[in-house]
Amino acid sequence: MLCGAADRNLAAPAPDYCYYDDSRWPPQDSLQSFENLLSVHNKRFDFLFIFNMTRSPLLFEQYADRALLIEGVAGSGKTTLIAQEAQQCVTQGRTLLVTFSRAGRDVLQQYMRARDVDPVANANLHIFTIDGLAHFLLRRLGDERYVLDRQAVVTGLLPELVSEVCQSLQDPSEEDEALQLQAPALSLESMEKLMADLDYYRASLAWQAEFDEDEQAAFGDGLHHPPALVRAVFHRYDALRAHWKPEAEEPDETLLDPAYKPERDKGMYGFRLVSEATYDLIEALDNGATLPPNAAAYRYVLIDEFHDTTPLQLQLLSRVAAGARRLMAVGDRYQTIFAWRGANTELVFDAFVQTFSAKRIGSLTSYRFGPELATLAAELTQRAIRSGSPLDTPVMHCKGDWQDAAALAPLARQTIVCRHGPDRIRAAFSLLCDAPPTLKLAWSLTTTPAMGVATFLYALRHPQTTAPLRTLSLAVQQFCSLPGCLTPDTARELGQSRLTPASLRMFVENWVAAREPVFGPSLNRALQTWLTGSGAPDMAASDALRQFAQQADLFRNGNAPQRLLDDSLLYGWRGLLAYLDQHRWTMRDWPAVMAAMAARCSTRGGVPLLTVTEAKGHEYDHVLVYDTADKTFRSQTDAPDVERNRYYVACTRARKSLTLYRPV
Ligand SMILES: Nc1ncnc2c1ncn2[C@@H]1O[C@H](COP(=O)(O)OP(=O)(O)OP(=O)(O)O)[C@@H](O)[C@H]1O
């Protein structure tokens, strides 16, 4: 069915699916608005076409081109389209469906199941994340490196490696004054940023560059640390990855990525993060390995979330898809929110078009939501997004009152989408304190960092408690991540013993008196005071914790926390104190506090609280976006377009109503 895409007052019922094909469209009189409609970053789509998917043949049948690149706005049916095409493809040959994120992979699996295609049982269907696919293929090639947990590498391996690199750079034989000046602090914050730099250096293909200018062009201004340092650490880190051996015969469980268990119990060496699997596979292929025959024999390759794909991942997909008969990639550049931040998605889109001579197709119609939300989405992304849904989807702004936030839909039926983890903690405490007490949250607050610190302190103060403290070992890890804890191995030492409140107290008593400092001076002093239990026993728990935080100087950077972890702790701490202030609990009552909180937060039932990353790819009837104040989604911690994309993704998850909530 052909119709006027540029004419927003369509009298005819909306088509089920809209694509634009300028080989047949537009009529001359609407050329001006047609141009507006299609200008995305001044890039025109190759063609303009509208058809009704329910009546048309599948896109692969519609177009003879080997490859199609479909760029559609949120809710335009990209995943639906991929699932529909795949349903047909699996009847004809081996089909690979790949996504960038695990959340995206799970959504694809759901969509296939809804079409009665079982992703596990159907031998013709493989659904993977790109890194997961690389990991799978490496294992098939006999590569048995351990897959380690990212945080364990950042805290356990990286600082020592960076020191070594910096020392060798100070070696007179390798003297390079510029580099010597750039030795970074070994703080957690700096190591996290360095790890992000290594990812970025890898994903952008900067490591391939022969000349400095090419390297610079690849990573642009995406690095936190000086390029020379990142380059040196990158090569040393990769050498370590190839030869690393666990200290014991089997590595400590806490080092391993729980999603990728080792193949064998012992005798393996080398490690990677799963996000490094694509790089390792390409390296293996460049060194002469060949893809397992099955992996090279996919007849159909369909890529979802293409906007998040990195140049490195596209290289791998190009090899895997080299023999594929048909390819399809779908994405929306305004949904780029992952690590490949700040990079130009257009480069990857263009590379796909060039490599596979792909035909570009665009869609500006969303079937998820009605016109009011379509207008908001259009404003956010400066595109002429229209609604193809019969729903209204009203959008409401709401300030600081959870009662008001229930105007469009009862709170219990809403899904709350937050910018990131720390904001979710804020939202959860705010709901606990100010929403009706009958409201339950489908998310557990009891395992958040502030709760961990308080649990740790309770155990120290009440070592004889008989109350079961199921989260004690997590609490120890959380406490030991405080900036004032100087020895990163502290938590591990504790983890190796059977921990009880009494044994914890014994350890901490020794540490605060130790000659070699385990804690910074203020934290040490605060712990000494805490252990002596000074202060009235009936002092309110909120006051006792407030005093401890002050003495320990826990939030000296409170106004400008640098790490996400700090934000989580800070927001959680503030929320916890506000919650405790509402009751008359003392520290002795801590198990009762935990129980009361657990009773309101259950993973079974209640209001879902999600981060944008978790909500991506999904849709919900009633969405509440928390918090829409200027300093949150519009903050400048990430590139402004990444923040804008996050906000766009959060808002466009709604089908029936959207509430934009701003706390006072
Ligand atoms: N042709 C169509 N006609 C009517 N409804 C459709 C059509 N295609 C998809 N939908 C519906 O629109 C909604 C959004 O589809 P889908 O999740 O596939 O969009 P998407 O483009 O992948 O979204 P996002 O990029 O935001 O994750 C779903 O409820 C789906 O059932």
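Keep in mind that glycine also has a Cβ here, set from the backbone N, Cα and C atoms.
Small disclaimer: the values here were computed from a predicted structure and weren't measured.
Database features (TrEMBL):
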DOMAIN    51-370  domain 'UvrD-like helicase ATP-binding'
BINDING   Gly72, Val73, Ala74, Gly75, Ser76, Gly77, Lys78, Thr79  ATP binding site
*asked:* Quick check on the binding-site residues Gly72, Gly75: which one has the highest count of other Cβ atoms within 10 Å of its Cβ?
replied: Gly75
*With the Cβ under 6 Å from ligand 1 as the test, give me the qualifying entries from the binding-site residues Val73, Gly75, Gly77, Thr79.*
Gly75, Gly77, Thr79
*Given the recorded ATP site (Gly72, Val73, Ala74, Gly75, Ser76, Gly77, Lys78, Thr79), which additional residues of the same chain have their Cβ within 8 Å of the Cβ centre, ordered by sequence?*
Thr80, Val330, Asp332, Ser363, Ser366, Tyr367, Arg368
*Segment confidence, the domain 'UvrD-like helicase ATP-binding' (51-370), expressed as mean pLDDT*: 86
*If you count Cβ atoms within 10 Å of the Cβ of Lys78 (ATP binding site), leaving out that atom itself, what do you get?*
24
